[in-house]
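Just below is one structure, and these are the notes that go with it.
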């Protein structure tokens, strides 16, 4: 249906306006003049590093498959070299985001690892890694995993200020834009776990029959490693990948003690390096099964370091959580025994493992799946608010980064672009004589939108989630052909620029709340992705860009109003400009933090 609507719109616009031009320059590079060749044959990201390794028997586990520990060492090395190529100085691993392993790699196959810097901040940078396995005989290739790592540049005598990454391709622009939101998500991860345990009821099953349960203490593992020169990089610091490999080893032993079989690692929760380790350090690795679910188990691993045996104070180096399964001969997960945690700290870890499992499921659904697979309205609750906000902002930035927008019409310096891919999307653009911070403050409060947008009859603030996220209940007039007015429950996520050249962002998407069910009085509407991106255009000038990814409910309105679509959008946007000009002087006290 969407494709037919797209064809209808294309013919309608073509008959109304001629000489449509492709939008060639919608991006806003951060600094410098980018090379003329952005895509096509021969282009390669200047920070890209590739590694190819033939899997030998010495790299494998009992199943003849590549050891995940060995893979982590290769991943870390490749990513570090990419980071150092951009930084021009030594770099150390700060963290590694969640990794989901989709396929195993067998002896004789080739591992192809590709890493590139997505974005640089002040002294840290996000590196994206892609791992593909290759069968040389059949010439088939499989995606094994994707990973995101954070590296910190380090110089002995001076403070590092990294140069900015200038994205050129559509993929690079998307990753660059979303990297800031991912960084925000990493910083609040610990608080997310605490909030979930505080405000949500976690089913812990601690009262069930203990007779057939395995005591968690039976799975406890402790192992020590002496850091030798081969374990360290060219700076004398222990390889992050080597530490991760040691952690995977003790975690596998702990998992095996629960299931009395050979487990398979399926996912790794975020690695976060809290401090460095050098040659000569003794690393103490501790692992224990925190919780066992029906077909999977979570193992917690902790790494501490000390220099001399006489030292009483150990340094906390790293912690991580790993998810294991036990596969049968058909590669299907087997049922696992229940685990009985120790009172006190053991029960705390048990409940936190349940909370992390819920977060993983929410995150995997919201972040990992394709946009077309996500429901228009996703249930909102404290356990997934961080990832809903992330998906809200990243969806808008992904739409913004598209490079095949087509200019449909321009009326008095208001431009309307359309994009026909999986969804039909619209983009309006104008420049206003108002400072970007003022525009951001005025447009981010949806309660003021009825002052200029006739499609918003009333707006109620339902919940102020945090300083930058809020949920609103919106009432809109009835669309043509309908007798009922529409209502929406909308999550609004606003973001200030992370760096020079970044836009202010106001992202909107529908959510569902238990306090605001559908009612007979209104027809429930939904929006998948819409919002504003605001760029500074010189002194007191702002480029205002509005994006909307049309949903099925909106498509009917579009198809029945093709002839008046452009003029109505123009009138609404000009009303927005008048609203901004009339109210720009009312915000001086509130702009201090922007």
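Cβ coordinates come from backbone N, Cα and C, glycine included.
For the CoA site, Swiss-Prot lists 93, 94, 95, 122, 123, 124, 272, 273, 274; matching the candidates 44, 183, 184, 220 against that entry yields 183. Checking 15, 67, 106, 590 against Swiss-Prot, you find phosphoserine recorded for 15. When the residues 25, 31 are compared with Swiss-Prot, the one annotated as phosphoserine is 25. Residues within less than 8 Å, Cβ to Cβ, of residue 183 (CoA binding site) and separated from it by at least 6 positions along the same chain comprise 121, 126, 150, 498. A sphere of 10 angstroms centred on the C-beta of residue 273 (CoA binding site) encloses 23 other C-beta atoms.
Of all residue pairs in the CoA-binding list (93, 94, 95, 122, 123, 124, 183, 272, 273, 274), the one with the greatest Cα separation is 19 Å apart. Over all protein chains present, the Cβ of residue 93 (CoA binding site) has 27 other Cβ atoms lying within 10 Å. With DSSP states grouped into helix (H, G, I), strand (E, B) and coil, the domain 'HotDog ACOT-type 1' (45-157) comes out at 23 helix, 53 strand, 37 coil. Summary: among the binding-site residues (95, 123), the fewest other C-beta atoms within 10 A of the C-beta are counted at 123. For the recorded site, residue 183 (CoA binding site), the DSSP three-state label reads helix.
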